[in-house]
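Notes follow the structure.
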């Protein structure tokens, strides 16, 4: 496994800039998640690492070696797609052994290694079946085994779980996450689902409009979003306008003991968990109630007319029009860098 | 100066492109080379078997001496432009093929509609029956018309027995009506093939939604179904018309109406050997087909086109 | 309006010809499968009366704009039977002469409404060159020659058609639309191509190679379209990228992954182009120069200068070939001679 470095990577199609100066490092043995809305350049980034796109500017390095102009077949990257893209004309075993065949590995050795991988992914009994006869989850396991068979420098996963149903997704996610960690695979995990990324990845890069907005561990991204975009994309946040002064932030209707780097007009991001319901000086008017079983999601208006999303326990006692008292936990509020 | 430098620049750009295609460094260059390689065999054949012979036709039509193809002359084109008979043949072809197209497409809509919307007992057999004739060459179609309407034909004899008239008087295979049916026989399956493809893609949910919103059946058809199949109808009409123009075997045997293909054939027959005129007619004809196709395609998406 | 429509629905259901059991409330309830398919059928009734009149005109009712209640009911009562009637006539028109031809090829005489005197193989014997009179050219060498030429055209078509179909489906490039049009629309008819061919290549135009090249070009659109639809129905880009990321070079990917996945389309295209080439007349008529007579010329002679029943046998020979081709197509999952994959 290798370390992958993207140096000021830019990819333009005519006037359309898909990726704009991306700097990213995937450390050896790390799973780096790339999240962002559709069209943010995450798939283009992945395809550039695989070699299917040549960047307009910038370089791609595998363990310090420049592979920018190396064709895909010589890069040793593993690809796993949402649509599986298995070879329907071959058996499951032949699919897994395909990459080894291309490397000129002997038939017996290919078979042995393919069977090992199938066993590792818990689908040894499917070896002689055709991919079309398998379920979605099984096909994705085959896809993963096939990509891992060539012991790639880096494994690239492009929304691999999107086609699967919710329960299977959770199970497979944990299983694959553990497997990749055990094998020490360097992986890039592209997804639009931030929850999936947080569950599986060591670090997450948030992309928007072709640029990297923030890179960090899931906790860093969630607790200390760099800007409004990240705050909103990763989980829901309420952005509050305020004025910073002497280690305090004045929100107009309340003051928080939060330190900001500079004094003056600033914005703070508050997660739903930052609001404590039931007691406090702040009065919020409930405008919408959504009962979600284990919790109740409320939409309410703060005194300065900001709309805020709140999580209450699973009681059904809230009504639209209620006025509820609340307080803000200063430890869970994060001051955004000026942007 | 600036003209020259921009010309130099574009030459350089083309040269760079060609060099990059020959020795690619980026994936995009490699892709361009692949496209070139994959299109090459087809274009080699199209050039040798299509473009060069067409160019030869142009040369023949302009030749003064048509056996050895020497000298230059506009005589053939002048004859073509000034002889009333050729205009008459062109008109004959256009109305006849146009009418056959209209009938074939109209019947094709009916067949496609029935196949798509009704539950029929022998649907596969019906599909086979309407697609089978695509494989039949024009001469066989002519024979099948003779089987129906010729002197020994099934329909002719049935009517003769029923009315007591002579089968010889009733035979209409070599009349213009027989030829017309022959055209419809060839064209209807082609029109149906395009229209069935269109019908398969009609949004049934939109039709249902229109019905649920209170549209009457006719309103639903007029506002929802018809706009969806209209491109298919245009595509079917273009392709049917093109195929109709190219019909030759059927006319050669039935001989009842002087259309363009028959005229071309006669121009190069022994006795009236005029290859320059045949070439000129052929070129006008090809140019017309190309024009109809491209103008027609402007009105529809290319994807709707099948043969 | 709503009132009106509902009551119309009732009238229609009351007078429903095929007696499906549904009523006004069903009509009102909305998306019930049976109900809706009937509604579509009725929608059609309006069009049917206008559309398929053999003279190509439009029905007067269609032009009158919004339909009144009684007209709708009227159209439902008659629309479907009329349409089914039209389609039945079409099917009869297309199939009847074929059946009569095959049957009469075994008959001894064809005077009267129906052929008589079964079963004789005399006409088949004559057609195939074992008879004592009539067109005595032995068909078998011609048949074999034509089938060999058609096979040559088919092979050449696979070689040129599959790559161009791939390029057109897989890549987006500047001249794509133009190339696509040239590849899928035969712009030059066989007759003209035949004339031009002989003039351009006086020495080789009439040879087997000339025929193969001509057949291939004339029939290539069928191959290109069939293979294209096969490529479109698979995840071409990702299959290819998977293979390449696993270390297969692009040519190897094309040969070991892309082509096998399109196998059905290629086989279907091959059968269609082969069958059509076997009987291509217009081009052959202009190009071929006897000895052995290609099959299309053999058919022409038998149709234009043989007895009625002998022609029937000759044409039946071709029907046999087409039926065999269609059966093979059915087996591999294409429904007949279409270039599009049916659902």
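We number each residue from 1, going along the chain as drawn.
Using the three backbone atoms N, Cα and C, a Cβ is placed for every residue, glycine included.
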Stated TrEMBL location of transmembrane segment, expressed as one of C:119-142, C:143-166: C:143-166
Contact ranking winner - C:82-107, C:178-201, C:207-225, C:266-288, C:308-333 against the transmembrane segment (C:143-166), Cβ under 8 Å: C:207-225
Cβ contacts the transmembrane segment (C:178-201)/the transmembrane segment (C:308-333), at least three under 8 Å, sequence gap 6 or more: no
Top Cβ-contact partner of the transmembrane segment (C:82-107) among C:207-225, C:266-288, C:308-333 (pairs under 8 Å): C:308-333
Residue numbers, six or more beyond the limits of the transmembrane segment (C:266-288), whose CB comes under 8 Å of its CB atoms: 146-147, 149-151, 153-154, 157-158, 161-162, 189-191, 193-195, 197-198, 205-206, 210-211, 214-216, 218-220, 222-227, 230, 259, 294-297, 299-300, 318, 321-322, 325, 328-329, 332, 334, 337, 339
Same-chain residues near the transmembrane segment (C:308-333), Cβ under 8 Å, at least 6 residues beyond its ends: 98, 101-102, 104-105, 107, 109-110, 115, 123-124, 126-128, 134-135, 139, 143, 264, 267-268, 271-272, 274-275, 278-279, 295, 298-299, 302, 341
